[in-house]
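Visitor: Structure in structure tokens, see below.
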Amino acid sequence: MDLYEHQARELFKEHGIVVPRAEVTDSPERAREIARALGGRAVVKAQVKTGGRGKAGGVRLAADPAEAEEAARHILGMDIRGHTVDTVMLAEPCEIEREFYVSYVLDRASGGFLAIASAEGGTEIEEVAARRPEAVARIPVDPATGVHTATAVRIADAAGLPPQTVDTLVRLWKVLVREDALLVEVNPLVRTAEGRIVALDGKVTLDDNARFRQSRWGETRQEDADSLEARAGAKGLNYVKLDGEVGVIGNGAGLVMSTLDVVAGCGARPANFLDIGGGASARVMADGLSVVLSDPDVRSVLVNVFGGITACDAVADGIVRALDEVRLTKPLVVRLDGNNAARGRALLDARAHPLVEQATTMDGAARRAARLATAASTAGQAG
């Protein structure tokens with residue numbers, strides 16, 4: 001589960017990481033009062049669990065309380081990548097001298113964690129890595145030993161961070177361990193004109209498998225019950241939200257994982273993992289497609305099924321049902337092979353939906369889904 005920025009900063013504060021004074025509100029009038037309490041000037045930030053807030057106009061610097069009220073009024077109710085802004089956070093501005101990036105993230109390949117750090121913060125770390133890969137340090141962290149001062153010094157040296165960041169690196173690791181997080185990120189971590197190290201923005205992703213020992217977040221999970229993961233879980237679906245734009249549905253974890261890799265190899269990013277399992281019914285397929293299509297980040301959907309216990313005609317029937325229940329506005333690429341594949345293809349041909357295409361191979365289906373997602377993203381940016 002992802003936390004909102006204001007929740008992440010409260011965790012940082014609890015663990016001794018310096019953050020600016022800030023307060024959350026859903027009222028423009030209250031925003032004026034908060035700005036006044038902060039000294040007049042304030043950064044007004046949309047609180048949504050997605051990126052791209054700044055580019056969407058969801059972050060504004062207000063020079064006085066009146067501007068803060070106006071900014072809050074503008075931001076509240078905005079739609080940012082399909083997320084409605086219900087609250088804003090007003091934070092005290094900082095005089096920034098330098099910006100850095102630091103994070104700890106679970107590395108599933110090694111079974112440990114990675115410290116990722118850069119002396120070039122304040123922008124998407126992927127952009128920095130693509131432009132100057134040598135500017136991003138990746139240091140493996142053994143979870144058995146963790147991050148103490150010596151390890152933090154090594155991370156800071158590798159990334160070119162100043163010595164003052166070492167204490168924050170140690171404390172950020174404590175946030176990850178004590179809160180059972182899969183990711184803790186500060187971007188930017190800044191050095192102010194006064195020489196203070198301050199976490200201006202943060203992201204924390206909690207491990208849902210550890211919820212039994214993190215009761216403090218139970219209420220937050222309840223408030224977030226309309227999330228895609230919660231909706232999928234209520235339908236008994238094995239769904240994991242990812243950060244891409246191509247929705248992926250398959251039968252069997254191995255096939256779905258392979259499909260994710262092929263999509264990535266085609267230059268796109270998977271938006272999710274969704275395994276409908278063996279013996280899935282038409283109802284399960286329809287439910288899965290409904291969840292994936294409701295993700296605002298999804299630009300195209302790839303259904304990749306090898307029929308065994310799960311018959312391809314049942315999958316096709318589920319797709320047809322979903323088309324009758326949900327207004328399809330995103331292109332759907334379907335690859336069926338195996339048990340009753342010919343029948344399944346015939347069902348989809350008979351439905352003849354203009355946004356549904358079929359492919360005969362996994363590679364071909366992934367390439368087509370990736371191209372459609374790229375085209376949709378480009379059209380959206382142009383619009």
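Cβ atoms are placed via backbone N, Cα and C, with glycine included.
Source: prediction; values computed, not measured.
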Visitor: What does Swiss-Prot list, out of N251, N272, N340, as binding the same substrate as G308, I309, T310?
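Guide: Of N251, N272, N340, N251 joins G308, I309, T310 in the substrate site that Swiss-Prot records.
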Visitor: Let me know the DSSP-derived helix, strand or coil state of N251 (substrate binding site), please.
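Guide: SS state of N251 (substrate binding site) = coil.
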Visitor: What's the number of neighbouring CB atoms sitting within 10 A of the CB on R53 (ATP binding site)?
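Guide: The answer is 21.
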Visitor: Any idea what the Cα distance is from K45 (ATP binding site) over to D201 (Mg(2+) binding site), rounded to a whole Å?
Guide: 10
Visitor: Can you tell me which binding-site residues out of N187, N251, G308 are within 10 A of E99 (ATP binding site) by Cα, answering none if there aren't any?
Guide: N187
Visitor: So if I draw a 10 Å sphere around the Cβ of N251 (substrate binding site), how many other Cβ atoms end up inside it?
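Guide: The Cβ of N251 (substrate binding site) has 28 Cβ neighbours within 10 Å.
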Visitor: Return the count of C-beta atoms lying within 10 angstroms of the C-beta of G52 (ATP binding site), excluding that atom itself.
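Guide: The Cβ of G52 (ATP binding site) has 12 Cβ neighbours within 10 Å.
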Visitor: Count the other Cβ atoms sitting within 10 Å of the Cβ of T310 (substrate binding site), across every protein chain shown.
Guide: 23
